[in-house]
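Asks: First, the structure itself, so that you have it in front of you.
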Amino acid sequence: MGFLDRDLGSFVTVVGDGIEHMDLAVEGVRCAGCMAKIERGLSGVPGVTRARLNFTDRRLAVEWHAGSLAPGDLVDRISELGYRAHPFDPGAAAGAEAADSRRLLKGMAVAGFAAMNIMLLSVSVWSGNVTDITPETRDLFHWISALIAIPAVAYAGRPFFSSAFQALRNRSVNMDVPITLGVLLAMGMSLAETFTGGRHAYFDAAVMLLFFLLVGRYLDMNMRRRTRAQAENLAALKGETAAKLLPDGAIRSVPVSAIDPGDRVLVAAGERLSVDGIIETGSTEIDQSLVTGETAYERVGPGDRVYAGTLNMTGALTVQVTAAAKGTLLDEVNTLLEVAQTARSSRLALADRTARFYAPLVHTAAALTFIGWLAAGADWHAALTAAIAVLIITCPCALGLAIPAVQVVASGLLFRAGVLLNAGDAIERFADADVVVFDKTGTLTCPERSVVAPRAVSGETLERAGRLALSSRHPLAAALVSHAGGKAPFHGAMEEPGRGVRVEVDDAELRLGSAAFCDVPADVAGAAETGTDSLVWYREGSGTPVAIAVTQALRPDARDVVAQLAERGLRTMILSGDRASAVDVAAEALGIADRRGGLKPADKIAVLEDLKASGHKVLMVGDGLNDAPALAAAHVSMSPITAVHLSQAAADAVFLGDRLAPVVAAIDISRRARRAMDQNLWFAALYNLCAVPVAVFGFVTPLIAALAMSSSSVIVTLNALRVRTEARRLGIGSGAD
Amino acid sequence: MDVLFILIPAALALGLLGLGAFLWSMKSGQYEDLDGAAWRVLQDDDLQGRHGEPD
């Protein structure tokens, strides 16, 4: 793993009393056995005071006496146990979200406690009202209810109140505004009734409403947190670190977040760059495919600019880190991204659109009720009671849950299908999409390379080359590894960074690497070049050199996915930054007629804008840095987990694995979810249609309010759960965990 | 109806006890790793008293 030579000090936090702490993301944990093995294995290391693996997020917390061991030893110990672990950047771990979710859970507990106890008293009052409760007992019960409800609402209602306040301050309306208004008015009126010894109080309705809504919000939050945790683990496992060159010449492995412009970073051959910068020393070939989509390598040397996400193929580099400067690719991408994101922030989620339409309607209905009763000759107290009853019963319980409940169920299904959502409202936008635009390199093709025609090379040769490749860290070698046939690497194999691997076996020297490394005559090497594939040469002693062509093949299910999308009535299209000839090859293989090659980030956006102008809703799937603006500009977007940071952040969802199937699953699940959302909204409308007249004419008692609100919430939630059974019947969203 | 003066405080106290217990269990991190807890109960290394986890 190469951690022994690197200082992991930046990942360690001191937790007092000479104890140090480090969090690691662990790969390969599948069962309780793994958990026990890792914990026991680490507890055996002298100095370790605590090792605990969180099975839910696959994270390991280790604590030890400061100075008793080097953090790198722990990583090596875990890899001895057979797992891959990567230290976690303490700065990146989302502390704020965990605190938020804990606050929601606490609010939920308080609201739940209050709802139960108030209900206990309310049921007594309801049954007492129709039998022989004395006014004194009723008043006592109302007072006790008030004493429980006031602090409970003040505590549990905070998330809604603050969000409603924020919306009003921005002169807009969200769903929390009618919720807050309903709760506060119900509380106010109940208190007034209690003071005057009235028959009806609505404390139970107010608290129960908060409880139901908090349950929905907590589930939603939890699902998003789980998704985030998974994405963070993957980021840590990808090793988002850089080897920082300290002024005294020492090398320290630090998280990317701790690198500043001006720092110098060492990039070995075969490593992916994690920073943007200018080459100070060294020259190499750079694979830009993750940045521009271009599959041919580019030669760079001192003074040239390199980008995070590119792959350093042949030589070691020292890179001076720079911020995005004017006129660079990164600068262009950032500018486009900003524009696209501003346009995006004005987009309204379905829930907010509903609230915007619903809130004025309800508030007008309440006002009309008040005026109507006054005009009909009622006293103002009766008129106000009826008006407030309208607000309470139309209380957006069903509406407030209609969309979040479906979102929770759908994002759970998507999670199991390998799709991690960045934005909660992405689901409804996925359902709208009618054109799917793919980037080619790294999206339609696998991010990793594989051997083009394994059968063209003799099996034995390929196996030996594969075993040699096991000793190399080079990205091209990785393509050969799977052909090693499960055998161990050659003993004593030596890698010459950026050139190749060699080993002595039975008096013959086996070499795997560049043409020059294998002493291939220039004319032979030139003749073998195809222009689209990379060549790896293999030679035994002075025998005939064998060229093994390696390329980024199409994803195994790309063809099927394109066919399935067509079946669902979606148009597919390729927009790539790669050469048109390379794009044509892929498009022909997949049967996609609509394709453009050689596009700059701005060109991609222009195409998307054209599609938008002709009324299409575009789902953009891309991974490169050059795709980031298009991902943000598209109606909805996805990127594979192998994508560069900026693109993952710009996309609405990230999908895992080697296959493209999650794209289809996302559309299928989202369409079903969208249908359930619509059903829920219609149900809520219908419910209001029935409930409002009852309230307007003054028939609402606390009993009716409580029954109507809880039953509508339950119905909406059950309908949301139906999405899951429906999806299970169709076999989507299961298995791939 | 005098019994109410005992029953209502008793009901409230029991409810508060439950709320307190929940908040305590949350604070002590018992909801941090629900999947892991389900597996941990099946491990019997605490029987030999060697590597029992105190928390």
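Glycine too: its Cβ is placed from the backbone N, Cα and C atoms.
Heads up, here are the entries from TrEMBL:
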DOMAIN    A:20-86  domain 'HMA'
TRANSMEM  A:108-128  transmembrane segment
TRANSMEM  A:140-161  transmembrane segment
TRANSMEM  A:173-195  transmembrane segment
TRANSMEM  A:201-219  transmembrane segment
TRANSMEM  A:357-376  transmembrane segment
TRANSMEM  A:382-406  transmembrane segment
TRANSMEM  A:680-697  transmembrane segment
Asks: Let me spell it out: take the transmembrane segment (A:201-219), skip the flanking residues so only those 6+ beyond its ends count, and list any with a Cβ under 8 Å from a Cβ in it.
Replies: 101, 104-105, 107-108, 111-112, 114-115, 118-119, 122, 125, 142, 145-146, 148-149, 152-153, 156-157, 159-160, 179, 182-183, 186-187, 189-190, 193-194, 392, 395, 397, 400-401, 404-405, 408, 702, 705-706, 709-710, 713, 717
Asks: For the domain 'HMA' (A:20-86), what's the mean pLDDT in this predicted model?
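Replies: The predicted confidence over the domain 'HMA' (A:20-86), as a mean pLDDT, is 84.
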Asks: Would you mind listing the long-range same-chain contacts of the transmembrane segment (A:173-195), meaning Cβ under 8 Å and 6+ residues beyond its ends?
Replies: 139, 142-143, 145-146, 149-150, 153, 157, 160-161, 163-165, 167, 201-203, 205-206, 209-210, 213, 351-352, 354-356, 358-360, 362-363, 384-385, 388, 391-392, 394-396, 399-400
Asks: In the domain 'HMA' (A:20-86), how many residues does DSSP call helix, how many strand, and how many coil?
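Replies: When I sort the residues of the domain 'HMA' (A:20-86) into the three classes, I find 22 helix, 25 strand, 20 coil.
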